[in-house]
Number of protein chains: 2
Amino acid sequence: MNVAILGVGTVGSSVANILKRNQDIISARAGMKINPVVGVVKDLNKKRDCDIPLTDDINSVIARDDIDVYIELMGGVEEPYRVVSQILKKKKAVVTANKAMLAYHRYDLQNLASDTPFGYEASVAGGIPIIKSLREGLSANHIKKIIGILNGTSNYILTNMMKNSSKFEDVLKKAQELGYAEADPTFDIGGFDAAHKLLILGSIAYGVRGKPEDILIKGIKNVSSEDIFFALDFDYVIKLLAIAKKTDGKVELRVHPALIPKDNIIAKVNGVMNGISVYGDAVGESMYYGPGAGGEATASSVIADLIDIARGNKNPMLGYQPTSKLEELELLPINEIKTKYYLRLRVEDRVGVLAKITNLMSENHLSIDSFLQKPRQSSDEYTTLFFTTHISLESDVKRVMGLLQNEPYVKERPFMIRIEG
Amino acid sequence: MNVAILGVGTVGSSVANILKRNQDIISARAGMKINPVVGVVKDLNKKRDCDIPLTDDINSVIARDDIDVYIELMGGVEEPYRVVSQILKKKKAVVTANKAMLAYHRYDLQNLASDTPFGYEASVAGGIPIIKSLREGLSANHIKKIIGILNGTSNYILTNMMKNSSKFEDVLKKAQELGYAEADPTFDIGGFDAAHKLLILGSIAYGVRGKPEDILIKGIKNVSSEDIFFALDFDYVIKLLAIAKKTDGKVELRVHPALIPKDNIIAKVNGVMNGISVYGDAVGESMYYGPGAGGEATASSVIADLIDIARGNKNPMLGYQPTSKLEELELLPINEIKTKYYLRLRVEDRVGVLAKITNLMSENHLSIDSFLQKPRQSSDEYTTLFFTTHISLESDVKRVMGLLQNEPYVKERPFMIRIEG
């Protein structure tokens, strides 16, 4: 089986190298030799970490008749979508690690692929076979909920904030030095990377068709040391969670920092690692853990897709047969989300303030589950109040936060973190 | 697709019920309806928790032409092997949850199955899709090591001993009351159940052909409260581990209680849950967590196999193409295992004893990594010594234990636990 690698960066080089290094076992498992016959790059002068023939002429490679599978590792959205569409129209198989392209075009690609193999295991959670587990391993289940830690950069930062009581900015800087965060980290710490992956998982579980702009995406940059202290005190950890959940026939898809009880297995996914808990109606909870990024780990998933293609496996791209009606559930509007909430308020430390706040909450249907106020520093005329609520409606919480912000005794903009589990 | 269920106990009933309850989504994913058309039972008078037609005549069911897949849930080894062989010879697909049959006959069955679909996801770790993850998801990797918590009963007992500082006998009794342990718990707490599952995983990873009697199997019944205290003090937990590991071109397969550092993700698999860490040369560590038993969880895996068959997937049974030379590695003899060890010694508390013991250890190539002696009770003339060693040879450790046992100052038989990670 001849494969072309479109984009020979870290992952592309690893794919070529592993196909060579593990040729023995890959051939025995696939039933044939898998040959990387050409790589397509933009800059032929740049040094690459593998020794396959290279070209900068992608059209000549797409035109070749001797290539069985194209591995798309170009990055971007519209350009790879154009290239992949062209390849699928020629009925040639495609394997991709491109989550952004799938976040926008997965249903277009499903239509184009129909009977042509299309693998994308590497697009979610790097080396973890979560697409396979969800689409095939748990195929008997109605999925109740997916809770994923899908972004290693954010998880590294939050883990280090918790373990060393460090500040967000300091840990981010360290992550950048170690290569765990980009110079511009917005895509990772802003929740967008996790959101792309969540949309893919949401399609397999529920057939939802949303795009990134349709779902709730909040990043971690406003999580403070005070939130971390509260979490530790109340036996929670804070994680950036990607959540897909079926509620009253609609689907919630949301990415945001969340408090989760520290005994939950997903709370134990630390550092740059990824983890995904899946709740099925038959199986109950199962959890998948592993490296979410890195050349070799991502290449492991790319090659697993190649071996699946070589074996002649026929899993429908998004888990549903094209002949079947998709589950196609609608997205739940963000304001209709119901969960528990944590609120942090910076307020004047004087008589009557707490009564005003609790009155305002109760008038707006927020019921308090726990409350913490620590003795203030003597030099400080403000104090911080921490609340958690019983299950509440997102719109009620937002209204309360808006009202509180306008109260004269409230110093900073109130901050909220959703609680999960 | 018509299926027959051979053995309609907890799992069989759950299979029938889920096929009915989740018919919508299963059909959409499989591309066809999956109908449980008949169940075979020994006792027609016993009440069952599902409403499929039943018979006690297995031969009439095997003779039917309208059945596409047979689900073997009979239990036992030779009788189901005989039945399954008969079915495979008729080129009819089989799905089984029978780990004992596979521990003894997996290669015989592979030969018989050749092109006939044969699913056994449910045989290892219940609802966790570990067969699929290892055989398909990680197929690009040379597997370096598998560390599994594969027996829920043992894990429940050890978890409770650690959490509540309880004694083995007390927790076992509680587990029996809760239905987590059988009246005769030997198969679970003796490590045999985990060993059956380990042999299956070992075949997928390494093509090893051992049977249960060829590998090291130790249970948990001699793990004492003192071992638990030591573990807690030194940041370990004690788990019954099933380990498959490639060492110098041979394969270690072993089941025994082990100390593992508490920060390891597999150390966090608690209660009746199962977990399997797999180390691949490309992916690094990935871990799979979920329920290892229970009717619905096990049925989830059985039905996933049915859907795979309906989709026309073609994964070679043990992961290697029949046309390929298997990896077929040899088992490492038990005495050649090298790992770290924990030793507990009950000895007379007098001058010179420790010197004698450490001399004896050093003469036999055991190098001490850590040592603990707690102040003895005033009423007691004996004291307990705890050692951990650097990496040592199993045969050296056993020799030392044999020698110590004959020393006059040693009161009880020395006890050893291997250390992992």
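Backbone N, Cα and C atoms are what each Cβ position is placed from, and that goes for glycine too.
What TrEMBL records for B:Lys197 is active site, proton donor. Look at TrEMBL and you will find B:Leu6, B:Gly7, B:Val8, B:Gly9, B:Thr10, B:Val11, B:Gly12, B:Ser13 tagged as NADP(+) binding site. The NADPH binding site annotation in TrEMBL covers B:Lys99. The annotation L-homoserine binding site is assigned in TrEMBL to B:Glu182. Taken from TrEMBL, the feature domain 'ACT' covers B:342-421.
Feature map: annotations from TrEMBL on the structure.
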| residue | record | Cβ within 10 Å |
| --- | --- | --- |
| B:Leu6 | NADP(+) binding site | 23 |
| B:Gly7 | NADP(+) binding site | 23 |
| B:Gly9 | NADP(+) binding site | 16 |
| B:Thr10 | NADP(+) binding site | 16 |
| B:Val11 | NADP(+) binding site | 25 |
| B:Gly12 | NADP(+) binding site | 29 |
| B:Ser13 | NADP(+) binding site | 21 |
| B:Lys99 | NADPH binding site | 24 |
| B:Glu182 | L-homoserine binding site | 13 |
| B:Lys197 | active site, proton donor | 26 |
Taking only same-chain residues 6+ apart in sequence, whose CB is under 8 Å from that of B:Val8 (NADP(+) binding site), what do you get?
B:Ala16, B:Gly39, B:Val40, B:Val41, B:Arg48, B:Cys50, B:Ile52, B:Leu54, B:Leu73
Compute the C-alpha separation of B:Gly9 (NADP(+) binding site) from B:Glu182 (L-homoserine binding site), stating it in Å without decimals.
16
Going by Cα-Cα distance, which of the recorded positions (B:Thr10, B:Gly12, B:Ser13, B:Lys197) sits nearest to B:Lys99 (NADPH binding site)?
B:Lys197
Would you kindly give the Cα-Cα distance separating B:Thr10 (NADP(+) binding site) and B:Glu182 (L-homoserine binding site), rounded to the nearest Å?
15
For the domain 'ACT' (B:342-421), would you mind checking the mean pLDDT of the predicted model?
94
Quick one: Cα separation, B:Gly7 (NADP(+) binding site) versus B:Lys197 (active site, proton donor), in Å?
21
For the residue listed as 'active site, proton donor', what is the secondary structure state per DSSP, taken as helix, strand or coil?
helix
